[in-house]
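Trainee: I'd like to ask you about the structure that follows.
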Amino acid sequence: MSDGVHFLDLPPWEVLNFTRNCTLWGDWVGVVLTPDPGDPNSLIGPATWSSLALFISALPGDDPLQFLGNLSLSEAFQEISKWYSYNMYYQWEGSDDFQDGGWNPNENFTTKVLSEPAKRCPAEFCQAAAYVGNPDLTGIGVFLSYILEAVLSSCYLFAFTVWHIKRHFKSKKSGSQHDAPIGYVGEKAKPTGLRARLSKLSLTQRTLDAFRGSLDSFLSSAMLISLAMLCASLYLDVQGMNAPKPSFNVAFPFHSSAAYDMILSFLASCFSVFPVMLLYALKGSRSSAANNNNNNHNSNKDGSGGEDKPDGVHRLWMRRSVMLILWILGTVEVYLSPRGNPDYDDRNIPDTQANRDPCNKRGGKDYWDAMVAVEVVVIVVPLLWIIVTTFLVTGFGIPGVVNNRWIRKWRSVWRLGVAWVNLVIMWAVFFYFASLRLAIVRSAGISDAQNSWTFGQVLALVAWVPVVAEFFYIFIWGIEDGLDSHMPSGFEVQRVNSGLLPYHDDADGGFGPDPYEMQQGPEVTDRKGVASSTVVAEPFMQMPEPYRGGHESTSEGHLADPEGQPALQTYYPPYYDHSAGQNPQEPRQHFESTGW
């Protein structure tokens, strides 16, 4: 260690090897690279005991103390401590008042104690540098929540695909059998126990009902979480843009998540959007063409000539508004995320410190090129989706286009196609996200707290519990009870015969209307003069001239029960237009009825 002038009792530089024990060197440099809590722009410096242990390990031979000459152990430790101070704080570079600037180490010290061991002990150096992930983005509980959301989204898409295929073949098979209107009169069945309730439907039907009945809850939760994650990511972007750059000759600050905050927040928020888009594609309009036909009839009946909006249009526009907000926030996130990186100003320099850093798992030039490509994709792809969807559901107002048989067939294919494309992209983003997280954990080692269970990590798993609970509630007790539990007193849900037909799949994209449509019936009076009302699950179309079935009919098209019970609604299948005298009648597509 002696330079021939100072510390003559210590061995010369040529004798020492600080890579003999990478573990000791990693422990020492890990303390050296720790930022000073009082001044984050300064390093805390070496710890005394680890410095002495590293120095002894660098001495050659089986008895390293023999190289300390005639010094006692206490004197040797004092000399070693002085040597560290002399070589680490070798030359001041800054203002004369020592307020601004820093100390540069000795050149030999930099080479022998810092540079060479960092190359020969890369794993220990990366653990010492501690470029860690953010537990709020990639903690064990949060990451399991991502997995659960992806798995649930996949299950919902598989279930709806099966349901769509079954409806398609069922409508093809039964389409030729619909030669006359079939009235449906009845009130909600009231099974007396669990066995009677479950025996009504097959296991497959109960499973499909559970997926369909809990879809709205899942979509709402996914939208809320995606909005929250995008807002949190934008906050991190602004923080990163305003954060001071590292004052040392490094690309990223040590013992910090700044190296990965931007890419992890971008991937997490990007991933959260795809389940929303997938579920949104599955969520068709509940009211659909039936309400349009209903409203057309009612408007013609009163002579107004106007057309009311179908039921549920306000909630539909709320979902559309959320999707628009997600697109805006996602676009802003894509453009701000790269600018929050500590090395953003050096992105166009080929040989930067970030590119040479062996602990940088984010990537250098490839990362910047990918973010430029994403900035284009986030604008172009949604615009193409809007254009194609608008054409398929409205035909751009061109006469005859919207009811073209080819266009009708492609509506349902487009819905499922959009959902499946989002599924593939979602899993692709997730696997890249998971591989990056694993690389960060392996690089940072015990310094990374991503795999530690904390209160927040446990709480993150609770996000999807209501969705899973809703699914199993409907699966066990039936969709009627599942929806009844959300209804106030005086309303009930009733399963009706939907009367599927070949045209129906083409008219609304294949996912609506829902045969569990809830609507309050007109008030009627029983024989005792007591007003009552029923809530019925209306099918796709109510006809103006109901089949009376031998009972007295009210002016509202309901049957008055001679026993004084609440009146029952009369239903006609959706393919039969009684008022026009045509059978069948092709449905007319309305934008408000598409569910998009």
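Every residue, even glycine, has its Cβ placed from backbone N, Cα and C.
Below, the features straight out of TrEMBL:
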- 143-163: transmembrane segment (TRANSMEM)
- 218-238: transmembrane segment (TRANSMEM)
- 258-282: transmembrane segment (TRANSMEM)
- 290-309: region 'Disordered' (REGION)
- 321-338: transmembrane segment (TRANSMEM)
- 376-401: transmembrane segment (TRANSMEM)
- 413-434: transmembrane segment (TRANSMEM)
- 454-479: transmembrane segment (TRANSMEM)
- 511-596: region 'Disordered' (REGION)
- 548-561: compositional bias 'Basic and acidic residues' (COMPBIAS)
- 587-596: compositional bias 'Basic and acidic residues' (COMPBIAS)
Trainee: Against which stretches of its own chain does the transmembrane segment (413-434) lie, if we need a Cβ under 8 Å and a gap of at least six residues from its ends?
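Mentor: Residues 138, 143, 146-147, 150, 153-154, 157, 160-161, 164, 264, 267-268, 270-271, 274-275, 277-278, 281-282, 284, 385, 388-389, 392, 509-511 contact the transmembrane segment (413-434) from elsewhere in the chain.
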Trainee: Could you check whether the transmembrane segment (143-163) and the transmembrane segment (321-338) come into contact, where contact means at least 3 Cβ pairs under 8 Å with the two residues of each pair 6 or more apart in sequence?
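Mentor: Not in contact, no.
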Trainee: Other than its close neighbours in sequence, what residues sit by the transmembrane segment (258-282), given a CB gap under 8 Å and a spacing of at least six beyond its ends?
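Mentor: Non-local partners: 131-134, 137-138, 146, 149-150, 152-153, 156-157, 160, 215, 218-219, 222-223, 225-226, 229-230, 232-233, 236-237, 240, 243, 251-252, 319, 323, 326, 330, 333-334, 337-338, 340-342, 360-362, 367, 415-416, 418-419, 422-423, 425-426, 429-430, 432-433, 436-437, 440, 511.
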